[in-house]
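Data first, discussion second: the structure below is written as structure tokens.
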Amino acid sequence: MLRQVPRTLVAGGSALAVAVGVLVAPLATGAAAAPTYNYAEALQKSMFFYQAQRSGDLPADFPVSWRGDSGLTDGADVGKDLTGGWYDAGDHVKFGFPMAFSATMLAWGAIESPTGYSKAGSLDELKDNLRFVSDYFVKAHTAPNELYVQVGDGEADHKWWGPAEVMTMARPSHKISASCPGSDVAAETAAALASSAIVLKGDDPAYAATLVSHAKQLYTFADTYRGAYSDCVTAASAYYKSWSGYQDELVWGAYWLYKATGDATYLAKAEAEYDKLGTENQSTTRSYKWTIAWDNKQFGTYALLAMETGKQKYVDDANRWLDYWTVGVNGQKVPYSPGGQAVLDSWGALRYAANTSFVALVYSDWMTDATRKARYHDFGVRQINYALGDNPRSSSYVVGFGANPPTAPHHRTAHGSWLDSITTPAQSRHVLYGALVGGPGSPNDAYTDSRQDYVANEVATDYNAGFTSALARLVEEYGGTPLASFPTPEQPDGDQLFVEAMLNQPPSGTFTEVKAMIRNQSAFPARSLKNAKVRYWFTTDGFAASDVTLSANYSECGAQSGKGVSAGGTLGYVELSCVGQDIHPGGQSQHRREIQFRLTGPAGWNPANDPSYTGLTQTALAKASAITLYDGSTLVWGKEPTGTTTDTTPPTTPGTPVATGVTTVGASLSWAASTDAGSGVAGYELYRVQGTTQTLVGTTTAAAYILRDLTPGTAYSYVVKAKDVAGNVSAASAAVTFTTDTTGETEPPTTPGTPVASAVTSTGATLAWAPSTGDPAVSGYDVLRVQGTTTTVVAQTTVPTVTLSGLTPSTAYTYAVRAKNVAGDVSALSAPVTFTTAAPPVDTVAPTVPGTPVASNVATTGATLTWTASTDSGGSGLAGYEVLRVSGTTQTLVASPTTATVALAGLTPATAYSYVVRAKDGAGNVSAVSSPVTFTTLPVTSTPSCTVVYSTNSWNVGFTGSVKITNTGTTPLTWTLGFAFPSGQQVTQGWSATWSQTGTTVTATGLSWNATLQPGQSTDIGFNGSHPGTNTNPASFTVNGEVCG
């Protein structure tokens, strides 16, 4: 459940990304040491967590066995398909802002540490998770300047505690647009799509190109129509308000687009916007006392731009931030617990430490400063190890991993309640493998595993994002072993759909009266029962089945009436219908339906021999397996009688099992099927034989079973028994005995055929080869580039062909291929293939001249220019524009937009300006300049007309202050805010303005992007502060010295 206060209450950043092409130094440790923890298993399980968070239509073979389809009507309220995406946390709202941040962080981790994912056997799962969420973002981007950023309502969602599959509350869709801007979420979604495109490009270049196209549009949207999304989408403001503003996302999004496209214009944009990022209070020093999380990404951009450009100002900002987390800055340092946990904030403390750890590890790889390199590396390893169990409690904070892990995460679907109750059942019904909980919220290492504690035990997609990427980095350095049979499908914890019944009164000679209760406690996965039917079976005792009539005194499923139906011989039944009722595990009344019904027959009717009468009492409701329950025509509970004769004959004995595919940890068993002439074979029970002891290891409905998690070099014996529908069990089969391998499969696959190159272009080619064979089966191929004596894996595929991309024109390439089988054995390398890429096409044609610019939104310090777009026929495509200021005979470059519009800022009031524009293509050809546009900025207004709205969120001796300034006048307003604290409060850090405090007087001045407000326009600014125990609001506020209403 998301709290109703912000998770991050500072100006600062939260979004990480790594650039393709950044050269990094070798890992901090020259030779990988044995890992303290099995990082590969933790990474593998973290991928499971993201799968468990999926919304929408899930495939039949989905690895999370207890999840089903959900949210299938998302977007229907606005006529759009908004199915898919991730549920945010333990609730079921799809918040686009943290979802996009989480995707970007995961993509960064894949770009930085693909080998870590490969070693953990999780690269396919990572790509699948990124593609799944990218598909959702593409759906949500319904027009160039339109993006749906939230589905569901937090307040309504949090009032209900049940599984996602059976939600019934309204799920409204919320969007941003040109008239309702959201630069923060639009730029973050652009970053998510651009970074994901980098990861997915090698597998599907066309799909990656689609993601980049959407990312470009979204970034232009974010840059052109500026504003914080939570100002317009107020449904998000109580949960994921953009406290830091959108400046950080403009840097972050531009950087990622640069890495995805190679277009240096985006890098220049990132650097230009960087200079407007938040600073420490009353200082020009970039903020460093917080960290990267869903709201603010500036801390991640410190490291990214440092690694990309090497410029000292970025290096200084990154070092200062990470020093604050490690050794301290100017005597101040993030708080540490006695056990070594870095605790920045009470809500999701482990999340903040994990995010910082990932950046620290990546940044340390790049550094040449030996002291800081070791410091940041060791900090990252230490914080991740703390979460995995290296803490005073010797306990993991990752569900389903390590020693004493959390068992009660604050997660509705994993809990599996059918009563809309956070406490029932007491134990969670599912294991939410891989979920990182919030952990200790104070620097004292204290923690209680309680589902009701939605601070310490909350889980969320953004909690796992940096943590997952850090795990991939540690697997790359230290290794690890993924679990061979993970995940294992969970088995139902009892009856999911059933009928309870009792007698309402003693039977008479003409009727039987029964109280029946249909219950839906399903969670494997949860499901709605909308076509429920119940059959009560009776014997005819010499009369016709139609002589029995059905009636009901009380029914929660509507009127019940009818006559008995013959089932053949002396068997009949009456059917009660709940068709049209939504019986689902969603509450006390929602999960059940009660019917009190009566069967009336001829005089002298004896109910004692009726199959459904067996076991009924007058004392209490009890499960009645002889009263059958159906979903439509499908039997979901109970056993249908087979006439008046009871089946007491067991099935025939199964054949002796045969073991095949024996590996170090598993084997496949199969046997000749049993037969049963009575109620029919229901399935088989497999037993391990150890001396005179037989231990049940599993059941199956097929005459085969796959054994997993065996011990290498160990002898095993098994027998099989058959069981029929009536419950009769056959004799055991003869035993099969085999010994698992000690070193795995000794026969690798055959060597693949020599690759053949085709479709060779200047930047790519297709390779195909004759497939390998072997037993066990071939699972895939590694494609390796050969450079002298060095070979490097550049692609992996499950089919004998691969498409290469991103090659250099006019360059010779050599590749070879090797095969792998399911046991991990690798074949010899194939013979190599060598080919040379084609020369690049030459573009010498300049774009057409742009149209004459048109000035609009002219203010005191800014204006907007638009012009008719250029076209380019030379082949390299239009890359962007250069906007030049004209002063006499001098032309000065002032902006390089990628679209036919630019917002000018920092102009002087009451001053004439002239500008021209020229276009530039991908080959560097430049058009002639356009005709000039001339305009004069407005003079500064001296009498502002405004309103100020002030609100706070307080805790202990701290608080967050939020201020909305609105220009209610008719002319532009360049503002300076002033007020006085009445209770000794102090501003400690602010954002979206330059803050200062002298005594009790506080002053805030606008930044370049929000300093001037047009008529009717608003800006949100804010700060963190301290108070002595009383936090009285200021009496009044001034703008430019005048009292503001």
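The count begins at 1 with the first shown residue.
Even glycines carry a Cβ here, placed using N, Cα and C.
According to Swiss-Prot, the feature signal peptide maps to 1-33.
What Swiss-Prot records for 34-492 is region 'Catalytic'.
What Swiss-Prot records for ASP91 is active site, nucleophile. Around the Cβ of ASP91 (active site, nucleophile), 25 further Cβ atoms fall within 10 Å across all displayed protein chains.
HIS410 (active site) counts 27 other C-beta atoms within 10 Å of its own C-beta, drawing on all protein chains shown. Among the features that Swiss-Prot reports, active site is placed at HIS410 (among others), with the record citing sequence analysis.
Residues or ranges marked as active site by Swiss-Prot: ASP449 (among others). Annotation for ASP449 (active site): spatial neighbours PRO406, THR407, ALA408, ASN457, criterion Cβ-Cβ under 8 Å with sequence separation of six or more.
Neighbours of GLU458 (active site), defined as other CB atoms within 10 A of its CB across all chains, total 26. Annotated active site per Swiss-Prot: GLU458 (among others), in sequence order.
Here the domain 'CBM3' (493-642) returns a mean pLDDT of 93 for the predicted model. Feature annotation from Swiss-Prot assigns domain 'CBM3' to 493-642; the stated evidence is sequence analysis.
According to Swiss-Prot, the region 'Linker ('hinge') (Pro-Thr box)' annotation covers 644-650 (among others).
The feature region 'Linker ('hinge') (Pro-Thr box)' is assigned by Swiss-Prot to 734-748 (among others).
The annotation domain 'Fibronectin type-III 2' is assigned in Swiss-Prot to 751-840 on the grounds of sequence analysis.
Within its own chain, the region 'Linker ('hinge') (Pro-Thr box)' (831-846) is flanked in space by residues 754-757, 760-765, 767, 786, 807-816, 872-876, 919, 921-923, 925-928, which lie at least six positions past its ends and keep a Cβ under 8 Å from the stretch. Here Swiss-Prot flags 831-846 (among others) as region 'Linker ('hinge') (Pro-Thr box)'.
According to Swiss-Prot, the feature region 'Linker ('hinge') (Pro-Thr box)' maps to 931-944 (among others).
The domain 'CBM2' annotation in Swiss-Prot covers 939-1045.
Taking a C-beta cut-off of under 8 angstroms and a sequence separation of 6 or more, CYS946 (disulfide bond) has the following same-chain neighbours: ILE965, THR966, ASN967, THR968, GLY969, LEU973, TRP975, VAL1039, CYS1044, GLY1045. Per Swiss-Prot, disulfide bond is recorded for CYS946-CYS1044, and the stated evidence type is similarity to another entry.
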Worksheet item: So how many other Cβ atoms are close to CYS1044 (disulfide bond), meaning within 10 Å of its Cβ?
Response: 20
Response to the item:
Secondary structure of the domain 'Fibronectin type-III 2' (751-840) by DSSP, residue by residue, totals 0 helix, 44 strand, 46 coil
Worksheet entry | ASP91 (active site, nucleophile) to HIS410 (active site) - Cα separation in whole Å | 9
Practice prompt. Calculate the distance in Å between the alpha carbons (Cα) of HIS410 (active site) and GLU458 (active site), and round it to a whole number.
Written response: 5
